[in-house]
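Remarks on the structure that follows.
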Amino acid sequence: MRASGRHDVSLKIVLATGCLLLANFSGASSAVATECPDQSPELQPWSPGHNRDYQVHIGHGRKLLLTSSATVHSITISGGGKLVIKDHHEHIVLRTRYILIDDGGELHAGSALCPFEGNFSIVLYGRADENILPDPYYGLKYIGVDKGGTLELHGQKKLSWTFLNKTLHPGGMQEGGYFFERSWGHRGVIVHVIDAKLGTVVHSDRFDTYRSKKESERLVQYLNAVPDGRILSVAVNDEGSRNLDDTARKAMTKLGSKHFLHLGFRHPWSFITVKGNPSSSVEDHIEYHGHKGSAAARVFKLFQTEHGEHFNVSSSSEWVQDVEWTEWFDHDKVPQSKGGEKISDLRAAYPGKICNRPIDIQATTMDGVALSTEVVYKNGQDYRFACYTRGRACRSYRVRFLCGKPVRPKLTVSIDTNVNSTILSLVDNVRSWRPGDTLVVASTDYSMYQAEEFRVLPCKACTSTQVKVAGKPQYLHIGEEIDGVDMRAEVGLLTRNIVVMGEMEDRCYPYTNHICDFFDFDTFGGHIKFALGFKAAHLEGVELKYMGQQLVGQYPIHFHLAGDLDEQGGYDPPTYIRDLSIHHTFSRCITVHGSNGLLIKDVVGYNSLGHCFFTEDGPEERNTFDHCLGLLVKSGTLLPSDRDSRMCKVITEDSYPGYIPKPRQDCNAVSTFWMANPNNNLINCAAAGSEETGFWFIFHHVPTGPSVGMYSPGYSEHIPLGKFYNNRAHSNYRAGMIIDNGVKTTEASAKDKRPFLSIISARYSPHQDADPLKPREPAIIRHFTAYKNQDHGAWLRGGDVWLDSCRFADNGIGLTLASGGTFPYDDGSKQEIKNSLFVGESGNVGTEMMDNRIWGPGGLDHSGRTLPIGQNFPIRGIQFYDGPINIQNCTFRKFAALEGRHTSALAFRLNNAWQSCPHNNVTNIAFEDVPITSRVFFGEPGPWFNQLDMDGDKTSVFHDLDGSVSEYPGSYLTKDDNWLVRHPDCINVPDWRGAICSGRYAQMYIQAYKSSNLRMKIIKNDFPSHPLYLEGALTRSTHYQQYQPVITLQKGYTIHWDQTAPAELAIWLINFNKGDWIRVGLCYPRGTTFSILSDVHNRLLKQTSKTGTFVRTLQMDKVEQSYPGRSHYYWDEDSGLLFLKLKAQNEREKFAFCSMKGCERIKIKALLPRNAGISDCTATAYPRFTERAIVDVPMPRKLFGAQLKTKDHFLEVKMESSRQHFFHLRNDFAYIEVDGRRYPCSEDGIQIVVIDGSRGHVVSHGSFRNAILQGIPWQLFNYVAAIPDNSIVLMASKGRYITRGPWTRVLEKLGADKGLKLKEKMAFVGFKGSFRPIWVTLETEDHKAKIFQVVPIPVVRKKKL
């Protein structure tokens, strides 16, 4: 096939006339030669034959045209020499150990205007252990393009990759052809008439021969009217025999049926025949008795169209019995019985929940460890089973049963027009994909290993956007947008007509340490390397396979310290790599090393070891990765970041002796796109499966390797992000995208034993010109899609990192935005996401396979699906961490918790020791298919959350600016037991384990020097019985410890320690505005003396200036008085408390943690007496310094009615029962309030308000005097018995009510704990129904019982895991 360029030239020659033709002929020939390098008249034909010892040197201006396949030792092209590959029908294969191009040498196959149309392969051969001296720069088995060298490889123009446009189902079902399925409501004999020439359904009809004999007559008429030669598929659904007369039975027998004559009641029956050819018939018939179990009659037959293409017709007539597991039942009082346990006893204990005759049984210990079970006796209703652990009968365990559902009919008719083949429907025109080409279809599930290869087949019937491929898919590959997220599988082309490949051995051999410990195949492939000063390099339409070596520097394509590769470097046209297929590689795909301005476009990288698209040392900038696809990226041995856990532990030669690997910290980072400098462009790229991460922006504090000194320290951490637009990441383990971490830029040493380039901590803060003293320049991430990533959709740490119009779905955690555990690294910056969508569990349920990590129930419909990590892993949309974070105009869809799986749209980082910024905020949040109970979750002790006792776990908080999350505009949401931010009017949200509060909040950082193992106790003076204990954020090995509580401003606090107070500490005022203050009393031993000063510390400039001193006063009131440069402290030696008033003196930017002048601090040096004891002054501080709890910022009014965006909502419930004393008078006060409507209690006893749990309306209210409670409690029993199920029941006491007696049993019926003991005051939120909601609450105290909380409406029981 000739190039289009040649056709154009020929056409011009034909159209020319006379002298003009003759005059232009030589010019046209010159154009051909320019565009098609093999047409140059200066070329000499060259056919060197096959000689492995022939060392070819093409120089001194020789210009050769390779016309046939050849085998040589090596080829060196230099000194103006040129080698061009002839483009003709013969497949040319050039085998050589290496090709070196330098000093004006050139190698050409095709050109940009005249693509190579034939087939040309370069095969690089040789082993690493052949005792051949490697080139000191290029090594072995290479194409090297050195100074002055030119490499031009231009293959056919073919589409590089596209997307599926229709979903592929496992086994190819529903792909092409015809699919028909029915159940109830489609009774009778179902007939399909199929055109045998085309394999298409011509007509179909249903004949209800159960209902009427006339339907039998119509069936006979219908069959008689079908022309001979047509295919008939006939089957019964449900029942078709009751009014089936002999005429119809005989008509079917005439067609070839042997069983229709004897069709009985509800018998499954399927039949396929060709009209007029009874011998072609296939038939299946089952006599079905009873209503339990499954039965199926299935037939299929293979046919051939007039075009010679095969199609398969199949039919099944079935009775199907679905099964499901019951919930788990606790069985802690197991009777000892020789004959086993009777299931009837369990059914009596759990009425309506266990079937009579289970199909299977499972048992576990109370901790979830599987136990053995055995059915020991079945006879009628006497069904028994036994449970064993280590050969002995179980004493206490959990058990569940597999029960069959009622049977249902099912009829299926399908025509598979692609027998052992599949039609792929694609987005783009794929006419350039030819029969014999190989494609790869990416996984759209969590496992990257669900990527599948297919070979293209001829297909006359395919449209321009379809191809037929051999075989059937094993996995589900999505080809559509699901729940608003584009999850279409990428489809990449792997084969090209120009191939560069390594010749490989059958198995691994050791050419470097440990290589055969990790790989059983040969990994010593070929490689292409471009050095500084090459003349030109343009590769397109090329396939690279079996390339790369597990040696540093030997990669499939490697630009090595080549400098600027675009116009800035004098390259015209600029260097590019495009339309390449790089697959089955042994070390990366493309490496950009110390090179800038390279265009990498339309490249497919598949099945590689180590990072695929790789930037190496840190100074690589202005490179553009446009429309590149990487998938199936596996770990390699080269760098710590390439290695998996096993490699990390075994390969320790590059570490210092004594190094103990920590794989998840030091290694485990292999990524599809590894960006060592943010100033590169990624546009329209897809990271479709890596063992770790899709896109990882990593930071080199200084350049590494041979690039040392190319920028100043910290440059890469401050350079603005290049374009990051319309990229996607899925099927990765750790994350779809990460911006975080750095690499260790020093060699291993006794001080730091980790290997060079291990993963370490780093922070990103983009500024103009990479100068932190210049304005910030946010990193903008637009139109990013992340789905089916097992851990994170994205983990982004900044600096200003802003996301806009992004999509996240089916990730373990959709998004974590982080700044710094102590301070934001770039104070004044924020992380932000807006106009984005988060989906918890989409309609992409994945494929249930043996190798699926996790398969379990979904949250909304409880149907099976693949899950990201574990069945009980708490799936989260956005995870709050550090701050400040702004979430604006985002939609959360399909987040639904199960009992045992705490899924939520908004949540917090698990096991968090670090700070939580009170200025983290949300606004204009929308929820779709998210129960209100699953909007937020603050955590509880248990799996994944552990004890929930780390400092950050206890101080989590965020600001709901418009009430779109909580229904309380302007409120703050906090953990329910964080009394440093609570006030008396806060409203509990039991489902969230949180509370809705109002107030003005900031943070106080307390740094205790020369002591890292102190436990701090901080108490807010208005809630002295609710201290907060903080362990400190830092490890015990540090020289100081830091505590970071969120506090309410304008309040008083005391601070205590579990050991002797620290002799030196600093208190930082964080997120304080000018004039904000708190009063603090710090516990010290008696006899302590103090030196206290204040200063301002500029963290950016690392400058500190003293601003004042504190002098002692003997009057507590003087602590309130302060003057510029002079403040007071009060040392109350009786209580052991040092009192200070901490007040911010300077203005603060909106998102800054510290003031514009720096961080305001108070430093305390204490001279402690010897042998001082524990510094806990709680007993002497309270009640002396207790303050009355008041609400400084009133609670916002709850949104109602049309203000709410969802049908489910919160019902505000307030109840109080208290005793108040005014001098010698006593007043009992009680009320119940529902959504602002108050029901006062008028007499001693109890008052009840009943609320419809479906709509939230009060349906009744009443009171029961003490006389009734004590004398005739049956009135209360009857009242409660008459309350409809699914009702919320509120109850409050007033006065001296009766606290004991039979009436209290109603509390237990409404969800209160058994054996409760009531005190003088009681408030109760109960529920009448078949389950106990988490929000059932009983408060009972001697003086005051109070409940302020919300209840979700409608009340819905969570499904069990």
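Just so it is clear, glycine is given a Cβ too, placed from its N, Cα and C backbone atoms.
As recorded in Swiss-Prot:
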DOMAIN    176-317  domain 'GG-type lectin 1'
DOMAIN    1227-1361  domain 'GG-type lectin 2'
CARBOHYD  Asn119  N-linked glycosylation site
CARBOHYD  Asn165  N-linked glycosylation site
CARBOHYD  Asn312  N-linked glycosylation site
CARBOHYD  Asn420  N-linked glycosylation site
CARBOHYD  Asn889  N-linked glycosylation site
CARBOHYD  Asn921  N-linked glycosylation site
REPEAT    572-594  repeat 'PbH1 1'
REPEAT    798-819  repeat 'PbH1 4'
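Feature map: Swiss-Prot annotations on the structure.
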residue	record	CB count, 10 Å
Asn119	N-linked glycosylation site	18
Asn165	N-linked glycosylation site	16
Asn312	N-linked glycosylation site	17
Asn420	N-linked glycosylation site	12
Asn889	N-linked glycosylation site	16
Asn921	N-linked glycosylation site	20
Sequence-remote partners of the repeat 'PbH1 1' (572-594) [C-beta within less than 8 Å, at least six residues beyond its ends]: 112, 155, 157-158, 160, 440, 492-496, 502, 523-525, 527, 536-551, 554-563, 565-566, 600-617, 619-620, 623, 630, 636, 638, 705-707, 710
Proximal residue to Asn119 (N-linked glycosylation site) among glycosylation sites Asn312, Asn420, Asn921 (C-alpha distance): Asn420
For the repeat 'PbH1 1' (572-594), residues assigned helix / strand / coil by DSSP: 0 helix, 11 strand, 12 coil
Rounded distance in angstrom between the Cα atoms of Asn889 (N-linked glycosylation site) and Asn165 (N-linked glycosylation site): 30
From glycosylation sites Asn165, Asn420, Asn921, the one whose Cα lies nearest Asn312 (N-linked glycosylation site): Asn420
For the domain 'GG-type lectin 2' (1227-1361), the number of residues DSSP places in helix, strand and coil: 23 helix, 60 strand, 52 coil
Asn921 (N-linked glycosylation site) to Asn420 (N-linked glycosylation site) - Cα separation in whole Å: 55
Asn165 (N-linked glycosylation site) versus Asn420 (N-linked glycosylation site) - Cα distance in angstrom: 21
For Asn921 (N-linked glycosylation site), the three-state class that DSSP assigns: strand
Residue distribution over DSSP helix, strand and coil in the domain 'GG-type lectin 1' (176-317): 25 helix, 63 strand, 54 coil
